[in-house]
Amino acid sequence: METEAQASKSSLTNLSTEIEFSENLHEIKSWEDKSTANWHQMLRVSESQAFKARVLKAQAWEIQASEAHRRASQTRHTSVLEMDATQALKQKPLPEKVQATEKEKCEILFTRPCWSNKIEYILTQVGYSMKISSLWHFFILWLHNGGCSFLIIYILMLFLVGVPLLFLEMAAGQRIRQSSIGVWKVISAWIGGVGYTSFMVCFITGLYLNVINVWTLFYLSQSFQFPVPWEKCPLLENSSDFDPECARTTPSLYFWYRLTLKASDRIEDGGSPVFSLNLFLLVSWCLIGAFMINGLKSTGKIMLVLVPAPYFIILCFLFRSLLLEGAAFGFQHLMLVKISAMYNMNVWCQAGNQVLFALGLGLGPVVSLSSHMYPSTNCLSDALIVALVNLFTMLLVTSFSFCVLGFWATVITHRCSEKNAETLVKLVAMGKLPLEAQPPPNLTANPTSVFNSWLNSLPHPIKHMVFGYVTECNLEKQFLKVKEGPSFAFVAFIETMSFIPGSVFWSILFFLLLLILGLISMIGIMQGILIPFQNTFSSFRKSTKLLTVVVFGFMFLCDLFFTRPSGIYYIRLLSEYWIVLPIIITIILENMAVGWAYGARRFLEDLAIVWGSPASAIIRWLWCFLCPIVLVALFVITLIHLSLKSITYVAWDSSSSKEVLRQYPSWALLVMIALFLIVILPIPTYFVYCLAHRISFTSTSQGKPIISFKSLPLIQPKPSKEVHKEETL
């Protein structure tokens with residue numbers, strides 16, 4: 001160590017004189033790599049005095065980083081490394097000409113952890129993309145937008161737009177080794193505000209998505225009883241009669257609105273947070289915090305268990321659903337093809353937006369997670385793997401969903417026919433209908449088919465009389481009654497679970513599936529919030545556990561707003577109308593930053609140097625031409641669609657015990673617009689700043705070279721192994 005200290009001191013002393021740059025680099029053995037050629041090339045460009053001073057300062061940074069790197073190789077912990085290197089800097093002050101600031105020292109000494117292996121990284125990216133909301137939205141789009149025709153459109157949009165943009169975010173984070181806030185500042189100062197916008201959108205998205213986990217935990221806690229509480233209406237206190245509000249509707253709908261949400265009739269009706277949901281809200285944040293408290297080291301190991309688990313549950317549901325009555329009817333709708341959907345611009349727009357949401361683009365977690373991956377990893381193959389696994393997952397979920405809902409529609413239609421038969425029998429007994437209107441006695445085998453055949457065989461006058469007393473029982477219409485939103489999973493699906501033999505077991509399994517999917521997607525979202533905090537504020541790097549607790553506690557308090565009786569209406573406002581525009585704007589500017597500001601050709605050449613092989617030229621064409629055109633078209637069509645569409649929400653009417661369609665009040669729309677302007681504000685702010693300071697649009701550095709951080713794996717290597725170093729962009 002004394003020998004190293006003397007060598008370092010000697011090198012720093014020589015820096016104060018005007019000696020040749022190549023001789024200093026030759027004395028530092030740890031930096032005999034590609035950086036030597038880069039510095040020689042820079043030296044030949046300009047020999048002005050200002051440039052020499054900047055080169056000397058950069059060399060001082062490298063010497064300090066080299067000293068910290070040598071100490072890290074002696075099997076010492078990162079925190080010890082930072083302490084020793086700081087003491088060494090205090091003992092050996094640099095000449096005033098090349099003295100580094102405290103902030104620069106902290107940046108140099110920051111050792112960025114890397115994933116232990118590529119599998120953990122890929123599983124984390126896959127888990128982040130498996131959001132519950134995108135899975136049920138994909139099913140709804142398939143059902144109402146042309147069936148397999150929508151799948152064809154979705155696959156085209158996925159590989160022509162989704163995969164290139166996913167590769168762009170992965171490559172930017174992996175190459176520059178910074179979070180979603182810092183990456184875009186490095187690529188182009190004009191686009192620097194995009195990082196703050198994506199951070200705020202990610203924060204708001206994490207708030208309302210975690211409420212789904214709260215609902216899931218509440219249902220899961222109620223599943224350990226037979227029969228399940230949403231199978232029958234509750235009885236009144238001290239009475240044998242059912243609750244009249246439940247008797248006017250279905251037990252599952254009553255349990256969802258009245259017992260779970262305790263929903264208000266309108267969004268204007270406030271109320272305090274629901275206590276039963278607050279308890280599970282705390283449990284949900286504690287679970288996520290326990291998984292993330294130790295950083296990437298614990299997150300990667302947990303993902304090895306949690307991400308594969310849903311596929312076993314999905315396969316169980318798929319095999320079971322194929323054996324249900326009505327599964328064939330649901331499978332027919334799954335394979336339905338409508339050619340007219342191929343010419344519908346609205347279908348293309350919805351497919352494009354679904355691709356962006358499914359892959360989690362524009363929110364920041366993709367960039368933040370990939371920033372902890374080694375630069376030499378080919379992230380193009382990673383993007384393909386994540387996109388294909390995400391598509392495979394949605395196809396699996398959609399397949400068993402069609403079969404399960406085919407069974408649901410069949411059971412509901414059978415019960416409707418049986419109820420109509422009972423009504424007709426009573427009316428005939430009362431003399432209001434003739435004896436010819438007496439339904440057949442045996443409806444147990446196939447009630448819908450037998451009842452409809454008998455009804456169609458009646459004479460026209462009697463049939464007209466019967467239609468005045470019975471309700472329509474149509475299997476096709478019942479199947480298409482499935483609605484988008486949380487009610488798809490928490491009303492239609494749980495009602496189906498109560499129809500299946502062994503309803504308790506299947507209900508528990510279903511909510512375990514929802515809970516695991518919700519937790520792994522929230523882990524990815526929270527990494528997109530915590531990593532930017534740690535990278536932006538150096539003080540947070542020394543107390544990551546405290547940062548995690550503080551952030552999770554703050555988000556728990558914010559989430560109390562969504563557990564109020566009217567919280568479900570605000571969640572629908574954000575998820576169905578607000579979030580789409582900020583995400584599209586963010587992705588457009590990210591594409592501009594890499595494709596035009598930095599230059600797609602230049603960016604791919606930088607990646608080729610690190611990878612050792614060139615990237616496909618098709619990627620550059622997609623970044624520069626196709627993706628910008630498609631994204632701008634999506635933005636324009638979505639904006640027109642939102643401006644022409646009536647902003648409505650489905651609310652619970654306690655007087656009639658039915659779902660009713662209401663229009664959002666004007667103040668709610670103003671709040672939505674104000675929130676949109678707030679999250680977008682950093683983008684024009686950076687534009688104005690760069691314009692006022694005459695900063696070039698294509699500038700990637702502001703007067704000083706970009707020095708990369710050291711990257712150490714989560715499991716410290718042995719001293720004999722080479723520590724990976726980050727390259728300069």
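Backbone N, Cα and C define each Cβ position, glycine as well.
Automated prediction, rather than curation, is the source of TrEMBL annotations.
Summarising the annotation, TrEMBL assigns Na(+) binding site to GLY127, ASN390, LEU517, SER521. Look at TrEMBL and you will find 121-143, 149-168, 189-209, 274-293, 305-331, 351-371, 383-409, 504-525, 546-571, 577-600, 621-644, 664-689 tagged as transmembrane segment.
Counted within 10 Å of its Cβ, the other Cβ atoms near ASN390 (Na(+) binding site) come to 26, all protein chains included.
Cβ proximity to the Na(+) site centre (mean Cβ of GLY127, ASN390, LEU517, SER521, cutoff 8 Å) flags the following additional same-chain residues: VAL126, TYR128, SER129, MET130, LYS131, VAL307, PRO310, THR393, ILE520, GLY524. Using the rule of three or more Cβ pairs under 8 Å, pairs at least 6 apart in sequence, the transmembrane segment (305-331) is not in contact with the transmembrane segment (664-689). Of the two recorded stretches, the transmembrane segment (274-293) lies close to the transmembrane segment (504-525), with three or more CB pairs under 8 Å once pairs fewer than 6 apart in sequence are set aside. Long-range contacts of the transmembrane segment (149-168) within the same chain: residues 138, 141-142, 337-339, 341-342, 347-348, 351-352, 354-356, 358-359, 361, 366, 379-380, 383-384, 386-387, 391, 587, 590-591, 594, 619, 622-623, 626-627, 630-631, each at least 6 residues beyond the stretch ends and with a Cβ under 8 Å from a Cβ of the stretch. Around LEU517 (Na(+) binding site), the same-chain residues at least 6 positions away in sequence with a Cβ under 8 Å from its Cβ are MET130, LYS131, ILE132, LEU135, PRO310. Within its own chain, the transmembrane segment (577-600) is flanked in space by residues 165, 168-169, 171-172, 184, 187-188, 190-191, 194, 197-198, 201, 204-205, 353, 356-357, 361-363, 619-620, 623-624, 627-628, 631-632, 634-635, 638-639, 642, 647, 672, 675-676, 679-680, 683, 697-698, 700, which lie at least six positions past its ends and keep a Cβ under 8 Å from the stretch. With Cβ pairs under 8 Å as the measure, the transmembrane segment (351-371) is packed most heavily against 121-143, out of 121-143, 189-209, 383-409, 664-689. Note: SER521 (Na(+) binding site) has non-local neighbours GLY127, TYR128, SER129, MET130, LYS131, ILE132, LEU209, i.e. same-chain residues 6+ apart with C-beta under 8 A of its own C-beta. Same-chain residues lying 6 or more positions outside the transmembrane segment (504-525) and placing a CB less than 8 Å from one of its CB atoms are 124-125, 127-132, 135, 202, 205-206, 209-210, 212-213, 216-217, 219-220, 223-228, 287-288, 291-292, 299, 302-303, 306-307, 309-310, 313-314, 316-317, 320, 360, 363, 365, 369, 489, 493-494, 497-498. With a cut-off of 8 Å between Cβ atoms, the residues of this chain six or more beyond the transmembrane segment (121-143) that come close are 115, 150-151, 154, 209, 212, 299-300, 303-304, 306-308, 310, 333-334, 350-351, 354, 357-360, 365-366, 369-370, 372-373, 382, 385-386, 389-390, 393-394, 397-398, 401-402, 480, 482-484, 488-489, 514, 517-518, 520-521, 523-525, 527, 575. Long-range contacts of the transmembrane segment (383-409) within the same chain, counting only residues at least 6 positions beyond its ends with a Cβ under 8 Å from a Cβ of the stretch, are 122, 125-126, 129-130, 134-136, 138-139, 142-143, 155, 158-159, 162-163, 166-167, 170, 310-311, 314-315, 317-318, 321-322, 324-331, 333-334, 358-359, 475, 478-479, 481-482, 492-493, 495-496, 499-500.
A Cβ distance under 8 Å defines the sequence-distant neighbours of the transmembrane segment (621-644), meaning residues of its chain 6+ beyond its ends; these are 157, 160-161, 164-165, 168, 345-346, 349, 352-353, 356, 577, 580-581, 584-585, 587-588, 591-592, 594-596, 600.
GLY127 (Na(+) binding site) has a Cβ environment of 25 other Cβ atoms inside 10 Å.
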